[in-house]
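Peer 1: To start, I am sharing the structure in question, which I have written as structure tokens.
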Amino acid sequence: MMYDDTIAAIATPPGEGGIGIVRISGKDALSILERIFVPVRPGRWKPYRMRYGHVVDGAGVRVDEALAVFMRGPRSFTAEDTVEISVHGGPLVVERVLQQALAAGARAANPGEFTMRAFLNGRIDLTQAEATLDIITARTTTALALAEAQLGGWLSHELRRIRALLIDPLAYCTALVDFPEDEVEPQDVETPLTAAVQALDTLVATAEQGIIYRQGARATLVGRPNAGKSSLLNALLRIDRAIVTPIPGTTRDTLEETANLGGVPVVLTDTAGIVESVDPVERLGVERSRQAVAQADLLLLVVEGVSQPVDDDREIVALTRDKRTVLIVNKIDLIDGADAVQECMKFLKCAYENLRGVPFDATIAVSALTGQGLDMLGATVARLLLGDSSPADGRLVTNVRHRDALARAATHARDALDSFRRGVSPDLLAVDLTAAINAIGEVTGEAVGDDLLHAIFSRFCIGK
């Protein structure tokens, strides 16, 4: 699909930088470039060759010195003729260059329109288009590696393979409807269907872990006032994000920041100490703390290594009873000797588990002040959120939309297999097989409507 118009946008982030790039794509990209860019050395444009010159306005006045490159379609990201102009990275300069492109006949691009053209022109499928956005928004190296693997096409290839496994049984079913006197060997239907079901189930099983790597999880720090929750937040973030003082009750509201814990982007929520109070501001902070506990995927119960449980701890510990919880024994820098730390951990674990009524999922000793134990804490949080397995060659389904569509495909394929084994008529088998193939098409983009495409690409930035 080739578009009649040509689009342009700034492809670099807003603000000052070393360079700014204006991207132009469409059938008139080269003619627009020739109108607004004057190379130092005249001559015909050769694709994929960078040229030095100046961007000029309609009167021939120089706007900025620049480097420009022309990429002829379909050997470009959008599969259309594409131009990129690199200029100095000041916001005003880049905006002026864009305005020259628009004045020369380009249209301002919509969010994600370059990537959408790449998809609609067959350059990439929808899984790869979504992976492009995931690369931009990745918050950990693991999430980035998963997105790059998906952009590389592993999921596209696997779904084409599964689709082919479903096409042959569908062809047999269609033939039997038209020519019922023909015979089909059972293995010609059962073998590929069984393989398709197994492959779809395998993909869906990876999604729980993959989605956490991509979207992250929520962990809430809870504990009595002055247990060191804010200090621990700062230590995990490696910045002084929360105000820390020796005065109990310094934190009056919830505070959220994202940390990379064991390769997982975890939204950490620091909370006000949960205590009874007549202060209306403090009571509001406590209520928000309770809400943060309810929304958390994991709780981090912070206690002081140099103190013992008190009555106020009962209510706090009760909030953790139905949630996965790590008991964090903080301030171990105040305890002399490794043996004493172990004895302290053993005592506090027993005491707080007696209050809780059920064991904690893990107990970790840390010092927010010195950093001792923080790496182990990060690894423990990641293990509890993900399980013990690690990504296999980056092959995890990371998108909720993909998971849901593939789960439906697996259900339809399984129903078709069960129906075949029970001798159900071919026309009914074909219904489930077609539904499974269409569900796979929702993932790759072969069976999606304009509304879904708009929803996906509108999340991209302008210029991508």
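From the backbone N, Cα and C atoms, a Cβ is placed for every residue, glycine too.
Pulled these features from Swiss-Prot for this protein:
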| type | residues | note |
| --- | --- | --- |
| BINDING | ARG23, GLU84, ARG123, LYS464 | (6S)-5-formyl-5,6,7,8-tetrahydrofolate binding site |
| BINDING | 226-231, 245-251, 270-273 | GTP binding site |
| BINDING | ASN226, THR245, ILE247, THR250 | K(+) binding site |
| BINDING | SER230, THR251 | Mg(2+) binding site |
| DOMAIN | 216-386 | domain 'TrmE-type G' |
Peer 1: List the binding-site residues among ARG123, ALA272, LYS464 whose C-alpha is within 10 Å of the C-alpha of SER230 (Mg(2+) binding site), in sequence order, or say none.
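Peer 2: Matched binding-site residues: ALA272, sequence order.
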Peer 1: Can you tell me how far the Cα of ALA272 (GTP binding site) sits from the Cα of ARG23 ((6S)-5-formyl-5,6,7,8-tetrahydrofolate binding site), in Å?
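Peer 2: About 48 Å separates the two Cα atoms.
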Peer 1: Could you say which of the binding-site residues ASN226, SER230 has its Cβ with the most other Cβ atoms inside 10 Å?
Peer 2: SER230
Peer 1: With the (6S)-5-formyl-5,6,7,8-tetrahydrofolate site defined by the record as ARG23, GLU84, ARG123, LYS464, how many Å span the farthest pair of C-alpha atoms?
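Peer 2: Those residues reach a largest Cα separation of 18 Å.
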Peer 1: Can you tell me how many other Cβ atoms are located within 10 Å of the Cβ belonging to LYS464 ((6S)-5-formyl-5,6,7,8-tetrahydrofolate binding site)?
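Peer 2: LYS464 ((6S)-5-formyl-5,6,7,8-tetrahydrofolate binding site): 19 neighbouring Cβ atoms within 10 Å.
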Peer 1: How big is the Cα-to-Cα gap, in Å, between ARG123 ((6S)-5-formyl-5,6,7,8-tetrahydrofolate binding site) and ASN226 (GTP binding site)?
Peer 2: 56
Peer 1: Roughly how many Å lie between the Cα atoms of ARG23 ((6S)-5-formyl-5,6,7,8-tetrahydrofolate binding site) and LYS229 (GTP binding site), rounded to a whole value?
Peer 2: 47
Peer 1: Between LYS229 (GTP binding site) and LYS464 ((6S)-5-formyl-5,6,7,8-tetrahydrofolate binding site), find the distance joining the two CA atoms and give it rounded to the nearest Å.
Peer 2: 40
Peer 1: Provide, as an integer number of angstrom, the distance between the C-alpha atoms of LYS464 ((6S)-5-formyl-5,6,7,8-tetrahydrofolate binding site) and ASN226 (GTP binding site).
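Peer 2: Approximately 47 Å lies between the Cα of LYS464 ((6S)-5-formyl-5,6,7,8-tetrahydrofolate binding site) and that of ASN226 (GTP binding site).
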Peer 1: Identify which of the binding-site residues ARG23, ARG123, ALA272 has its Cβ surrounded by the largest number of other Cβ atoms within 10 Å, counting every protein chain shown.
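Peer 2: Max Cβ neighbours within 10 Å, all protein chains included: ALA272.
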